[in-house]
Amino acid sequence: MIALAGGVVTEPVRQRMRRCYWLVAASALVEGACFAVLVPLLDTLIGDRFPQAWWWAATLGVLLVLAVGSHRAATARQRAVTSEIVASLQHRLAEHVVALPLGWFSPARAAALTRLTNEATRMLAATLNGVVAVNIRAAALAGAVWVVLLVVDPVTGAVAAIGLAILVVLYFAAARLLRGATAAGNSTTEQINAELVEFAQLQSVLRAYGQTAQADSEMTGALERVRAASAAYFRGAVTGSVVFQTGTALFLSAVLLTALYRAESGAVSAVVATIAIVLAALLVDSMAALGRTGSVIWAAERTLAEIGDIVATPVLPEPAAGSDTSAPADTSIVVEDITFGYDAERTIIDGVGFAVPQGTVCAIVGPSGSGKTTLARLVARFWDVDAGSITLGGKDIRAIDSTELMAAVSMVFQDVYLFDGTIRENVLIARPDATEAQLAAAAARARVDEIVDRLPEGWDTTVGEGGAALSGGERQRISLARALLKDAPVVLLDEATSALDAENEATIRAATTALTEGRTVLVIAHRLDTVRAADRIVFLEHGRVAETGTHDELLAAGGRYADFWTEQERAQHWKIGAGTTA
Ligand SMILES: Nc1ncnc2c1ncn2[C@@H]1O[C@H](COP(=O)(O)OP(=O)(O)OP(=O)(O)O)[C@@H](O)[C@H]1O
């Protein structure tokens with residue numbers, strides 16, 4: 001676990017952790033020394049040798065003071081180091097996450113990140129420092145006690161050594177059993193949780209299509225698997241615990257019998273035999289302390305592995321220091337023979353090329369799954385292309401500093417994400433230094449002012465996690481207000497496909513027009529008036545450009561676009577804009 005932590009905790013904090021562990025071990029050794037002094041003290045006391053007994057008592061007193069002092073110092077240091085570990089882990093995560101490709105972020109990953117940065121990190125720090133320290137203390141104390149036992153009676157000490165070795169083997173065997181059962185139980189629980197969420201979300205569909213009986217039986221099967229997984233977990237846990245406890249009992253019995261035999265044969269005094277048995281009990285107690293913390297350590301190891309996975313995710317390379325830092329010449333976009341796949345098995349964008357001259361509108365049209373969203377996101381460098389290049393103003397976007405690239409681009413995609421803050425904060429994130437007048441102008445154009453006027457707390461209304469307190473249309477308006485406030489020269493836009501009421505639709509159309517006027521625009525088009533107004537249409541199919549041209553040119557060509565167009569019209573999925581004719 002400490003080795004795993006090495007990958008995510010910074011070196012200075014690791015050094016402080018190491019110093020803390022040494023202090024804990026030293027404090028345990030002082031405690032062990034107290035037991036060592038107890039032996040001659042009891043011996044002299046029972047043998048009526050009071051002058052020596054006083055000396056040993058004084059030595060014990062000094063050692064006890066040292067033990068308490070060092071224990072306190074170790075605990076104080078542990079507390080300080082725990083907060084340093086929390087800060088170090090959070091910093092490491094934050095530092096890495098801001099450099100990750102935008103495409104890495106999904107709702108599930110965002111949720112995992114929140115969990116990891118908060119409770120999980122604290123739990124991990126407490127384990128790394130507190131629980132590991134408990135184990136180090138237990139191991140150091142067990143070692144010290146065993147040395148005392150060996151000195152008191154080498155034969156009993158040797159028997160204890162053999163017993164301890166067997167006990168350690170049993171401990172790891174039991175731990176393995178329990179760890180396997182815990183891992184199996186956890187993965188079953190995670191799978192079932194996902195199934196339960198899906199079952200709940202699909203309720204309306206299942207009921208509408210009369211599929212509840214089959215879904216119920218699948219759910220019953222899933223619950224049966226949960227029951228079987230917990231039974232397996234308890235079997236593993238109970239077997240592990242029984243094996244370890246039996247080993248402990250056998251160990252104590254072996255030491256007891258040896259000490260008795262040694263006392264009976266006159267090899268050691270009764271006092272020494274008694275002390276040996278007490279020391280053996282202390283040894284077992286230390287071992288049990290190790291056993292109690294096992295599950296906490298495994299949970300922490302899982303968290304560490306999750307953090308390790310995130311910090312091992314490659315970041316998007318920034319332009320090398322000293323490379324050309326000149327700004328792009330203009331805002332024209334050139335996509336040149338690009339290829340991209342989310343994984344090595346499947347190519348999603350396959351040799352695509354087109355140009356969007358400055359100040360023009362390029363519409364991407366194509367069937368569902370043809371790669372339109374992926375293509376638009378590649379232009380914002382959500383991921384790097386596998387082959388080919390994308391340039392902005394003649395400069396490869398990989399050679400543009402990511403902050404500069406983001407400043408040049410406004411994105412309005414369908415999965416609008418609002419964070420759990422006020423409406424004002426959610427709009428201002430686009431331009432935190434905007435004046436009240438600029439904010440009001442953007443809000444008016446996107447009709448966010450109507451939303452604000454309607455709500456009792458106005459601009460200070462909290463939108464809830466992901467904007468849950470607002471409707472889909474309202475979230476889109478806020479997203480448009482953000483983009484309008486940002487006022488970037490390049491606009492990447494995914495037109496709304498979801499059904500909106502007439503008022504929302506008209507508002508969003510007007511705001512979109514305001515946003516795109518005079519800009520270089522790449523729009524995933526779902527509306528007739530957008531494609532008609534576009535300077536160029538790129539028709540995508542299976543990740544390839546099937547055709548390009550204007551709407552009229554492509555219709556006249558009578559190719560794939562014309563077929564697609566006719567089908568869309570027939571299916572009435574194409575949204576017909578006001579003032580246009582089909
Ligand atoms: N994050 C992702 N990881 C893996 N595959 C993905 C990811 N996003 C999209 N895909 C896959 O890439 C392909 C193209 O998806 P994309 O969303 O780009 O198409 P689209 O043309 O925008 O579709 P739609 O019009 O339905 O939104 C699809 O097969 C999709 O399953």
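For all residues, glycine too, the Cβ spot is worked out from N, Cα and C.
TrEMBL labels come from automatic prediction, so no person has curated them.
For the transmembrane segment (20-41), the residues of the chain that approach it from at least six positions outside its boundaries are 52-53, 56-57, 59-60, 63-64, 66-67, 70-71, 73-74, 77-78, 81, 129, 132-133, 136-138, 140-141, 143-145, 147-148, 151-152, 272, 275, 279, 282, judged by C-beta separation under 8 angstroms. According to TrEMBL, the feature transmembrane segment maps to 20-41 (among others).
As annotated by TrEMBL, domain 'ABC transmembrane type-1' applies to 23-297.
What TrEMBL records for 53-69 (among others) is transmembrane segment.
Positions annotated as transmembrane segment by TrEMBL: 123-149 (among others).
Look at TrEMBL and you will find 155-174 (among others) tagged as transmembrane segment.
Residues or ranges marked as transmembrane segment by TrEMBL: 242-261 (among others). Same-chain residues lying 6+ beyond the ends of the transmembrane segment (242-261) with a Cβ under 8 Å from its Cβ atoms: 153, 155-156, 159-160, 163-164, 166-167, 170-171, 173-174, 177, 268, 273-274, 276-277, 280-281, 284, 287-288, 291.
When Cβ-Cβ distances below 8 Å are used as the criterion, the transmembrane segment (267-284) is approached by residues 35, 38-39, 42-43, 46, 141-142, 145-146, 148-149, 152-153, 155-157, 160, 164, 167, 248, 251-252, 255-256, 259-260 of the same chain, each at least six residues removed from its ends. Annotation source TrEMBL lists transmembrane segment at 267-284 (among others).
For 333-567, the entry in TrEMBL reads domain 'ABC transporter'.
The average pLDDT computed over the domain 'ABC transporter' (333-567) stands at 88.
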